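**Student:** Got a structure for you, questions after.
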Ligand code: GDP
Ligand code: MN
């Protein structure tokens with residue numbers, strides 16, 4: 001789960017990390033008061049979307065101007081003007097894709113005077129099973145580009161969970177970033193604070209780009225991207241409450257309400273499968289036969305008819321879906337439950353695209369009979385290979401006719 005920059009900074013502040021003072025706003029009418037409260041003389045008006053690269057981003061609407069999604073304002077009038085221009089407009093950045101994101105919130109910040117821009121992030125390193133810090137002198141840049149072009153400028157510092165952050169980690173980070181004296185001490189303290197926040201809140205990723213050295217010699221987190229382990233949200237109701245559904249895929253939100261493991265992808269074949277491994281294999285075999293899956297969906301082991309119905313509706317509601325493949329190996333899951341769920345959903349929402357069903361396992365004959373009796377136009381398949389070929393052929397035939 002992701003949160004907005006201003007929410008991430010509020011969490012960092014709880015742990016003592018230095019950030020600028022700021023006020024989030026949802027309407028341009030709040031801009032003047034926010035700017036007055038902060039005092040100036042320089043403010044930063046920042047679009048709040050769950051994507052980076054906002055500064056260099058472009059708005060689709062000409063009325064939003066061409067100054068990007070992060071703007072320095074030199075007067076309260078300018079803060080108000082930028083707020084009017086950006087709120088409600090669609091920001092396209094390297095990370096949003098061509099569709100962009102609607103800016104529904106702004107963060108007005110007290111402008112900082114920057115001496116140097118650095119990069120710092122913390123992440124769960126799966127190779128070492130530890131939290132690692134990644135630091136670089138190349139702050140404010142796209143870190144993937146730095147990693148590709150100048151990998152020697154990226155330093156990784158791995159933290160043993162038994163000891164937590166030690167003074168030597170601080171020294172290593174300060175060395176890598178050319179920080180001396182008080183700044184080096186500040187770096188050691190910052191790592192301790194970030195590590196505490198990372199662990200306490202079950203984060204997946206914390207990226208501060210840029211971490212700045214201010215003109216008066218202080219470290220400050222100027223930007224913050226934070227994402228949390230979704231499986232740990234149950235023990236962080238405060239974090240879960242920060243969720244902004246406007247930033248998330250409506251289909252994924254609906255799926256999470258039904259406790260379905262669903263992820264939208266960009267292909268054309270909707271998949272309904274039980275078991276994550278079988279779902280991955282199904283996606284792979286669709287690819288093998290030359291098409292791409294529109295989603296990952298694991299309906300789980302003990303799915304009810306209602307859950308299957310909800311899942312099928314989410315798939316059919318996706319206009320990118322040109323064909324559906326139901327692939328069930330009934331173990332705990334019974335094939336007749338799947339069949340009933342599929343039929344209930346089709347009765348409700350209709351079926352505009354070809355549907356291939358492969359059932360195997362517990363109550364398979366019962367499931368097949370239910371589908372056969374339903375009068376639905378279902379293409380039956382015997383095994384996974386057969387099913388994948390049949391749905392790919394059906395989708396291509398439909399495309400040929402269109
Ligand atoms: P991003 O483009 O989405 O990564 O947004 P950032 O929060 O990183 O802001 C983009 C850039 O705007 C930063 O790299 C800075 O160069 C600049 N910027 C952001 N806040 C301030 C500020 O308080 N003062 C100054 N002078 N520049 C800022
Ligand atoms: Mn940034």
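Just so you know, glycine gets a Cβ as well, placed from its N, Cα and C.
No curator has checked TrEMBL annotations; they are predicted automatically.
Remember, it's a predicted structure, so these values are computed and weren't measured experimentally.
In case it's useful when we look at the structure, here is the feature table from TrEMBL:
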type	residues	note
DOMAIN	9-241	domain 'ATP-grasp'
BINDING	46, 53, 54, 55, 109, 112, 117	ATP binding site
BINDING	209, 223	Mg(2+) binding site
BINDING	274, 331, 332, 333	substrate binding site
**Student:** Around residue 117 (ATP binding site), which of the listed binding-site residues (223, 274, 331, 332, 333) come within 10 Å, judging by Cα atoms?
**Tutor:** none
**Student:** Any of the binding-site residues 54, 55, 209, 223, 274 with a C-beta atom under 6 A from ligand 2? Give them in order, or none.
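**Tutor:** Checking each Cβ against ligand 2, the ones under 6 Å are 209, 223.
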**Student:** Is any of 53, 55, 331, 332, 333 (binding-site residues) within Cβ reach of ligand 1, i.e. under 6 A, and which?
**Tutor:** 53, 55
**Student:** What is the separation, in Å, between the Cα atoms of residue 332 (substrate binding site) and residue 112 (ATP binding site)?
**Tutor:** 58
**Student:** Specify all same-chain residues, apart from the site residues 274, 331, 332, 333, whose Cβ lies within 8 angstroms of the center of the Cβ atoms of the substrate site, ordered by sequence.
**Tutor:** 275, 300, 301, 302, 303, 328, 329, 330, 334, 361, 362
**Student:** If the ATP binders are 46, 53, 54, 55, 109, 112, 117 per the record, what's the largest distance between their Cα atoms, in Å?
**Tutor:** 19
**Student:** What's the CA-CA gap between residue 55 (ATP binding site) and residue 223 (Mg(2+) binding site) in angstrom, rounded?
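**Tutor:** Roughly 11 Å, rounded to the nearest whole number.
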**Student:** Using only C-alpha positions, which one of 46, 54, 109 is spatially nearest residue 274 (substrate binding site)? These are the binding-site residues in the record.
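**Tutor:** So, spelling it out, the nearest of the binding-site residues is 54.
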